[in-house]
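Trainee: Take a look at this one; I'll ask things after.
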């Protein structure tokens, strides 16, 4: 038994000492060959020594057990508390002293006689010994405890951001979020928090020091490769991969008996060899689970345990192979295991949203190990804007370079002259498909749609344009150009002017109009813009479009097969079906469920996903001048379901518009925006054939043609009674009857197909040719078809067969342009005749091309002139992107297979021929889809040298894939249609059109190269591919030497693991007294290299020792923890509070910006990660605690202030307004902080809350109690103006903007405002002098010279000064009296200050004069001519009466006057009674 000597740093009485610990290592073969230790002079020479290896039999087991036990007892008997050194000398172990091999070998002796076969069960002693070694090591490790971790724990407990939870320590950032993969240095100590966020001890003592010789591998002799030739391996270009199989020398037949292998006996390389111990451990655990072995190994398991476990698994595998008699199951199992390893899956490819398939790789042009894949080209991003490699200064509408190179799959190198010639060859094939395939020119395509223009070399546009001119003569006249009208899918705003400058050989989309339709009509109400963009935001300003020929030709649309369809489906899937979906990687089941939601939503009034107002968009598209409309199949028929099987709710409206276009749509165009009622509408008029302007009178046809479209995008639209919508139909249409073609109703859109159907709805123009509509005609609607308003009107009296379309001219074109946007081009209609999501046919009759052929009459009735076919290519089914899932034709591996080898989604090649011929029979031109950007996974693989890049081809920082070998699906079969037709027409094309091959292409400066016919695609013709999920380490290499395993016949590069060659070696970490060294699983010592154990990485220097701490390696900065573990994708917080970030490859990011995920960036300066407010190139930017840059968001910075950072640049906004997500506005001052309180900005007096939000439409009370109001629109402080609050109360704000209080004279009115600023209306007010005023209930004006009755029915009178009068008053000839509180006296007695009593009438309130009055007690008074109650003896109306001093008349009483005379007054009449 070997003594395994392991050295450790131990702390003993505060001193570090080196301790060597011996542990048992089982040796399962003889040492006669000696142990060869790789040193600095180690050679890669590999010689098999299997002839020197003897076999251990089961009979020797007892000797081994005794020896192992005694050695273990000796090792464990050392005194625990002392430092002991055990001799490092090693004696040669007799084979009988070694743990026996549990299996025997069945082989043929030299004399031909078969050896005795022996079979045993798995040797439990071996496993027990391995387990004991692990236990012994653990016990030895605890002899002396390193107290450095204890010191770390003391520091952790003092850190305010660290919390202990369930015995573990976590670091929380200032937002309360647990930091993961985070390291900080505090008090000189390195504290590391792992991927879970928990603190992890990374002291030197945690290094795995388990080193084993490969002689302990039970089956090494038998598992060695049969020979080193390529025939003994499954390989790719002579390189081994994680899924490579090989032929071993022996097979453990039935899991029991070793037998020599045959040429059919291949086994997975991963059954025998693994790149690291960690990979082996995971393999063992994975296979145990697959094979029903109930045992799991963790990262404390030693190498010997894993070897024994792997041997057990191998025996199980072989037994199962014998039982099943095949290895198919094993291939599936191994492949599944491979996909679990980060080095062999997308985890190590660093996928994120920088590409439609999550990432791309670029092939190196000078790969030394893959010269067959090199290229002199791969010139990237040569878009129309950037064709020369520099941004063309002529084109400024798009300030980017107008696109990017890597779109999808195998990215074709369209800068390669050989490839360019092949693209021309393919284009010629498409344009002559009928002739070539069916010997029928009537089945040829007439034109092309160029796919993904902004992702290919723009040289292709010249190549295609030159071909169309040479072969089809499109530059000669309009008829030739229109007969071969080709279009581009080019999204950059620079592409159309570029195309125009290139001669308008093809036309591009009017993307501005598409966006206008989208945001003015199709979006939800709260996202809609105004309607004016529909008039002006386009390639054509349609305010008054009266030109014979537009400046630039174009086509227009609102939706397409891949625009506003698959993105909506994606949104549905992500929101309601699978929130974890990435990009466009859907399953068919997810798509099916999404369409159930999509189709239901289409029928809803309040839509969540689908477009609003589709019919309104088409009403403009199909009546607009100066652009060719393209109708999308999915707007007339459901996107899913069988072809043309199910109509949408918009079908009738669109069909009606298509048919009406033939009869009516012609002449000049005028559009207007009118503000009416509470919203706006737009009108669009076509004047009719022969009339370009409103003043043109035209002819008879003019009068019966033309159209008016009226649209609104507000469902709450209401016109005022006085509003008039005036639509000027033009001078040709004076006093003419018009009828509706389409009108909005409560239930949707009503179509009127004839004059008779609309007879009751006829309207007439006036003598100026104006149609006038009122509130009775136009209002907003909300239903599944319309969210707003639509009305389309046409003249009455047009013949049923009227056709106002214009034929193209054959007169020679002389302006150097091919396509002209004139009346003839305006007359064309394109039909995009497919949906990405239409169902797969279940029978012949359902194939798209079969259905098309049956419906050509319908297409002709619609006026379709150009039928855009789906891409007819047989689809890839690799499922790597949506296109290959739904098999729409854009994902293909053979560009010449148009249903030739088998039916595609749309039918067979013969079906295609019939469909084209049927369309041609109706005069409809047919357009092919030319897709030169990409090709999907080919059936054959190549090893390429690749670098992980973003969509522009720029290397992705932090990726492990940097000029590494990578397996790509880049080679076609050589037996497909490409092999037949590739390059086949180049000689013919050179003979017919030599000028095509003489032109030097712009991006390369050289012509196309027709000398090579591409019969088989391979990597040299591609720029690269999407990441394939195979990982950075799929092509296997030895970590220690960084040499790839290769089985080439060239001995210079033929290289294999020592294990496969039955050579002895060491494996794992070891401490040699100076430092830690490492031997790879291939048997080589690591020097000047990184080593990975699973996801853990280390570096070993020039002397082979593991490094720790900060290191500069080849000019790059790295950081390694005390146990050698490299920081990767980790943040290090230095003791000075600064941060550093170490990427996926462990490199410290040094300077500049780096993208980490879609739209997320970090910035670095000399290795320091920017955190907080940072000045960069004079601009202030913000980075959070994780270093992520704030873009397009508000941030509360450390000073507590709110700031906003630009969505694109990340620069802090200064001195400008910004709107937040809630639609609230903030103003950012000179320092970038959101201002608060009162502010004067640009002459406006504004107010901002403490949170920075601008006050609009609200009242604000300042610290002095002053009230202000800020306008609901501008936010300006209201001054010298009235404002009414939500409760209907009014305020008036003075010249300073403060609400006035008290009595005020405003605009000649005398008003009053309470202390809270509220104007008094319909209320009484008593001022500080006690004066009472009343303010009118409507105007609020102080009442003057007027009576007012209060709520209790009491009356007041306010004098000329507006104050309530008191006391006796003569008003309007009446003598009245008002109490001290201003209340008029009515029906009451009043005694004045002189004691005079008056009475005021209960109705009029007039003072009673010359009249009797009886009070409530029945007493009578008489008031004289002055209105005072009389007293004493009075003669009234001839009666002698008497009234007391209080005015009460005496009745039935005696009275003695002042002279002592006694009188008596009658008890009834009160008259004095004479006494005789």
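Cβ atoms here come from the backbone N, Cα and C positions, even for glycine.
OK, Swiss-Prot features for this one:
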type     : residues  : note
SIGNAL   : 1-34      : signal peptide
REGION   : 42-89     : region 'Disordered'
COMPBIAS : 43-81     : compositional bias 'Polar residues'
REGION   : 102-141   : region 'Disordered'
COMPBIAS : 102-139   : compositional bias 'Polar residues'
REPEAT   : 159-178   : repeat 'Cell wall-binding 1'
REPEAT   : 179-199   : repeat 'Cell wall-binding 2'
REGION   : 200-1051  : region 'Catalytic'
REPEAT   : 1087-1106 : repeat 'Cell wall-binding 3'
REPEAT   : 1107-1126 : repeat 'Cell wall-binding 4'
REPEAT   : 1170-1189 : repeat 'Cell wall-binding 5'
REPEAT   : 1214-1234 : repeat 'Cell wall-binding 6'
REPEAT   : 1235-1254 : repeat 'Cell wall-binding 7'
REPEAT   : 1279-1299 : repeat 'Cell wall-binding 8'
REPEAT   : 1344-1364 : repeat 'Cell wall-binding 10'
REPEAT   : 1365-1384 : repeat 'Cell wall-binding 11'
REPEAT   : 1409-1429 : repeat 'Cell wall-binding 12'
REPEAT   : 1430-1449 : repeat 'Cell wall-binding 13'
Trainee: Can you see whether the repeat 'Cell wall-binding 2' (179-199) and the repeat 'Cell wall-binding 10' (1344-1364) are touching - at least 3 CB pairs under 8 angstroms, only pairs 6 or more apart in sequence?
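Mentor: Counting Cβ pairs under 8 Å (6 or more apart in sequence), the repeat 'Cell wall-binding 2' (179-199) does not reach the repeat 'Cell wall-binding 10' (1344-1364), since there are fewer than 3.
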Trainee: Per DSSP, how many helix, strand and coil residues does the repeat 'Cell wall-binding 13' (1430-1449) have?
Mentor: 0 helix, 11 strand, 9 coil
Trainee: What else in the chain is close to the repeat 'Cell wall-binding 12' (1409-1429), if you only count residues 6 or more beyond its ends and a Cβ gap under 8 Å?
Mentor: 1375, 1389, 1396-1399, 1436, 1441, 1443, 1446-1449, 1451, 1470
Trainee: Would you mind listing the long-range same-chain contacts of the repeat 'Cell wall-binding 11' (1365-1384), meaning Cβ under 8 Å and 6+ residues beyond its ends?
Mentor: 1324, 1332, 1347, 1350, 1354-1359, 1390, 1392, 1398, 1400, 1404-1407, 1409, 1427
Trainee: Counting each residue once, how many in the repeat 'Cell wall-binding 8' (1279-1299) are helix, strand and coil under DSSP?
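Mentor: Split by secondary structure, the repeat 'Cell wall-binding 8' (1279-1299) comes out as 0 helix, 9 strand, 12 coil.
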Trainee: Pairs of Cβ atoms less than 8 Å apart decide it: which stretch in 159-178, 1214-1234, 1279-1299, 1430-1449 has the most with the repeat 'Cell wall-binding 5' (1170-1189)?
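Mentor: Maximum Cβ contact count belongs to 159-178.
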Trainee: Within the repeat 'Cell wall-binding 10' (1344-1364), count helix residues (DSSP H, G, I), strand residues (E, B) and coil residues, in that order.
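Mentor: Helix, strand, coil within the repeat 'Cell wall-binding 10' (1344-1364): 0 helix, 9 strand, 12 coil.
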Trainee: DSSP helix, strand and coil counts for the repeat 'Cell wall-binding 1' (159-178)?
Mentor: 0 helix, 10 strand, 10 coil
Trainee: Which residue counts does DSSP yield for the repeat 'Cell wall-binding 11' (1365-1384) in the helix, strand and coil classes, in that order?
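Mentor: The composition, in the requested order, is 0 helix, 11 strand, 9 coil.
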